[in-house]
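So the structure is just underneath, and the comments pick up after that.
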Amino acid sequence: MSENIAVVGSGAFGTALAAVIALAGRSAVTLVGRDPSLIADLKAERLHDAVLPGILLPDTLEFSAEADAITGASIVLFAMPSQAQADAARQYGPYLCKDAVVVTCAKGIERATGNLLTDMLERELPDHSIAVLSGPGFAADIAKGLPTAMAIAAADMETAERLAQAISGRTFRLYASNDRIGVQLGGALKNVLAIACGIVEGRGIGDSARAALIARGLAEMSRFVVAKGGQADTVRGLSGLGDLVLTATSHQSRNLRFGIALGRGEKTDPLQGALVEGAFAASVASRLAAELKVSMPITDAVSAIIDGKLDISEAIEQLMTRPITTE
């Protein structure tokens, strides 16, 4: 079935998604951005060297800087950062067609409320079905056509399977799910754990410590997901374990690099912190975990380090001297 698809957000991930969907050749795809000058350059040059250097964008991909460009789209992907999604919903909501499905592609939690992004978008766009795309996929890999698999979750499997069929391509495979909670929390919490792994690398503590963080972090993630109503199996899939392994081990990860800088004791740019999804998610997840009475010591430590309330050496000592327990 052919779909009309709009991708809102002309950063690296939005551009990569638009390109790979357009290359599949089954749907008309428009990349929508806010900067008319950038959109004009993309249309003329078919290159977005600022974020995807040297990657030629397909001739079939359309571009627009106008909000009404989404009017005819049956599927609209929101590919801007998590904290900008509410504003995007208000800006683009009036132009959505009646039956459009909105897919959030960000990996975060709404900072002001602690809401999941699907909850926030349902609040802002109550007449539309809301889905989430998440999993282990870097923008550059997707845009280069390197094999990538991610998860897409909707409230019902029929919608999730339709979206997976519409968005998947020869090198980009989506797996359908009806666990929006688990898919979203996996994407948000793995960013926090990636910062922790970066701190370990920056401190030179060793690969054994990184492996322990990944394993125990996955346990934290599972406890939190189940407490929020998600499924433990989702945590062991692409949007949980898969994304965690990728983000915690690859230097393409902004969250890992941020953690490395913290671990080395480097002064981090406040702007850099504002762009790191895990920096937002850490404090929100720590607060929510306390409310839910869920034990998340790694997340708590990352939140305290970022907020300047805990020294890294103290955090390591606290984690290693916690009461012995079963796995």
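Backbone N, Cα and C define each Cβ position, glycine as well.
For the sn-glycerol 3-phosphate site that Swiss-Prot gives as GLY135, LYS190, ASP243, SER253, ARG254, ASN255, the extra residue drawn from LYS98, LYS107, LYS228, LYS267 is LYS107. Cα of PHE13 (NADPH binding site) to Cα of ASP243 (sn-glycerol 3-phosphate binding site): a distance of 15 Å. Using a 10 Å Cα-Cα cut-off from GLY135 (sn-glycerol 3-phosphate binding site), none of the binding-site residues among ARG34, ARG254, VAL276, GLU277 qualify. Closest to ASP243 (sn-glycerol 3-phosphate binding site) by Cα-Cα distance, out of the binding-site residues ARG34, LYS107, ARG254, GLU277, is LYS107.
For the binding-site residues LYS190, SER253, ASN255, a Cα-Cα cutoff of 10 angstroms around LYS107 (NADPH binding site) retains LYS190. Among the listed binding-site residues, namely ALA139, VAL276, the Cβ with the most fellow Cβ atoms inside 10 Å is that of VAL276.
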